[in-house]
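Everything on this sheet refers to the single structure shown next.
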Amino acid sequence: MWWDERVSARFRRNLQPTLTYWSVFFSFGLCIAFLGPTLLDLRCQTQSSLSQITWVFFSQQFCLLLGSCLGGVFKRTLAQSLFALFASSLAISLVFAIIPLCHNVVVLAVVMAVAGLAMGCIDTISNMQLVKIYQKDSAIFLQALHFFVGFGALLSPLIADPFLSDTNCILSNSTANSSSNLPHIRKSLVLHHPGNLSHYDLPMKGMVVTRVSYAFWIMALINLPVPIAVFFLLYKERMVPCFNSSSHPLLSADELAMETRPTEKDDLSTTVQRPRAAGGHDDLFSCCQSKNFRGASYTYFAVHITGALVLFMTDGIVGEYSGFVYSYAVEEPLSVVHKVAGYLPSLFWGFITLGRLISIPVSYRMKPATMVFINVVGVLITFLLLLIFSHSVVFLFVGTASLGLFLSSTFPSMLAYTEDILQYKGCATTVLVTGAGIGEMVLQLLVGSIIHDQGSYSFLVCGMIFGGLAFTFYAFLLFFHRMYPKPSSDTDVASPDKAAVTDDTGQYQR
């Protein structure tokens, strides 16, 4: 195997939970990408206007952010985390099954809000639990985790595509005049980012003819094994109430420190029996409590803030680029044919998925800090070249693929790097997931309004500015890393002010 025996042995000991968290993140990806391509058929199903149906985007994105903030609430015991993942993954299957029954846009928005909450919980808990299990070896497994979200995001539009309406799915007297606009409008709704649709007029009354329900029911069936896998993990850990009513508290972040200096067996048993309070990985609100700030240096806060700002920018770039590259391509000066331009978002997400797959072995040989540096520099250079060759259609496709590769591993690498700086005692996972979610929601709205006022060329200018800011914040993070206090080489186990350190037992942390 391309990794050493120590990491391989740890993976084998934690095989079931690791595969379970990866599968749950597949649910996340499956749910995040279906809405854009199917939105026009859902508009027909709910017989709503385009402006009304686009509120479904907002309900999903806002509740995804809220779910990311609240996900850390379930970290206190492994049972809470797994039950939250079971409920979230099951909720996604139920959402897919229920969507065809939603004939009112408000009901559909509520259902998608539930899906957003489930996705947010999955995002925070899965990242958090993998970091708890693998700690300093977590970079490899985080890269694999984020590959699965990309795989799910590619799969759901492919499932939906055969069932999408080729002509207007509400038959009325005006159908003949409006159906020619449908392919262009649908491509403007790629993934989960709506474009400016106010100038399109589609009928709202008439006979509904859409087969999109079959796509959602297929996705519900495909996702169903995921909550079953989480249930089997609960069963294995004897956390199903009918088998064992007790729940086992998770060890604190300090006690989860892995691959540290060796200790004597009797010292290890002593430290394990003395759990310390409040290691880290809280929900966002618990992280903001004043008791967590006592005695913390300014670099502690600076690492959290700069790490979140880097992901605010890079995840924001993912959102704004996938959402508006089609609109940019079909406008002057490129004027790409609509059908050809429709391949750009798929190319972008395809290379994000490919990059995450490549990053799994690369992350074992390369430090997370180095990977993030390559990513942010690559994004900056790619946008610079896109600006220079802004009249080249060929380079737009090349640049889109390049941007997908460089952005692919930024989030898991930054998460592994920041957690390593903080020695797994801060709130990095929760803060970074929240920062990334806010960036994806805010920057797409910002870029959409700028493009509307300044024209399509501002799309690349915004990307260049965001890439420059990401590089700047990363430079600050490197500076604060150098300033951050290093862990003491001689840990005084008897002192209450110092963390109890355990050797790596290689067991799944309960």
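Glycine residues also receive a Cβ, built from the backbone N, Cα and C atoms like all the rest.
Pulled from TrEMBL:
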- 21-40: transmembrane segment (TRANSMEM)
- 52-74: transmembrane segment (TRANSMEM)
- 81-99: transmembrane segment (TRANSMEM)
- 105-126: transmembrane segment (TRANSMEM)
- 138-159: transmembrane segment (TRANSMEM)
- 214-235: transmembrane segment (TRANSMEM)
- 298-318: transmembrane segment (TRANSMEM)
- 340-358: transmembrane segment (TRANSMEM)
- 370-389: transmembrane segment (TRANSMEM)
- 395-417: transmembrane segment (TRANSMEM)
- 429-451: transmembrane segment (TRANSMEM)
- 457-480: transmembrane segment (TRANSMEM)
- 487-510: region 'Disordered' (REGION)
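Outside the transmembrane segment (340-358), and at least 6 residues removed from its termini, the chain residues within Cβ reach (under 8 Å) are 33, 143-144, 146-147, 150-151, 153-154, 157, 183, 187, 190-191, 318, 321-322, 325-326, 329-330, 396-397, 400-409, 412.
Spatially, the transmembrane segment (298-318) is not adjacent to the transmembrane segment (21-40); fewer than three Cβ-Cβ distances between them are under 8 Å for residues at least 6 apart in sequence. Below 8 angstroms of C-beta separation, residues 61-62, 64-65, 68-69, 71-72, 120, 123-124, 127-128, 131, 193, 195-196, 281-284, 287, 304, 307-309, 311-320, 323-324, 327-328, 411, 414-415, 418-419, 458-459, 462, 466 of the same chain, each at least six residues beyond the ends of the transmembrane segment (429-451), sit close to that stretch. Most Cβ pairs under 8 Å with the transmembrane segment (138-159) belong to 21-40, among the candidate stretches 21-40, 105-126, 214-235, 370-389. Of the ranges 21-40, 52-74, 214-235, 395-417, the one with the most Cβ pairs under 8 Å to the transmembrane segment (370-389) is 395-417. Ranked by the number of CB pairs under 8 Å to the transmembrane segment (214-235), the listed stretches 21-40, 52-74, 105-126, 457-480 are led by 21-40.
When the stretches 52-74, 81-99, 105-126, 395-417 are ranked by Cβ pairs under 8 Å to the transmembrane segment (21-40), first place goes to 105-126. Residues 21, 24-25, 27-28, 31-32, 35, 42, 46, 48, 52-53, 55-56, 59-72, 74-75, 81, 84-85, 87-89, 91-92, 95, 98-99, 145, 429-430, 433, 437 of the same chain, all 6+ positions outside the transmembrane segment (105-126), place their C-beta atoms under 8 angstroms from a C-beta of that stretch.
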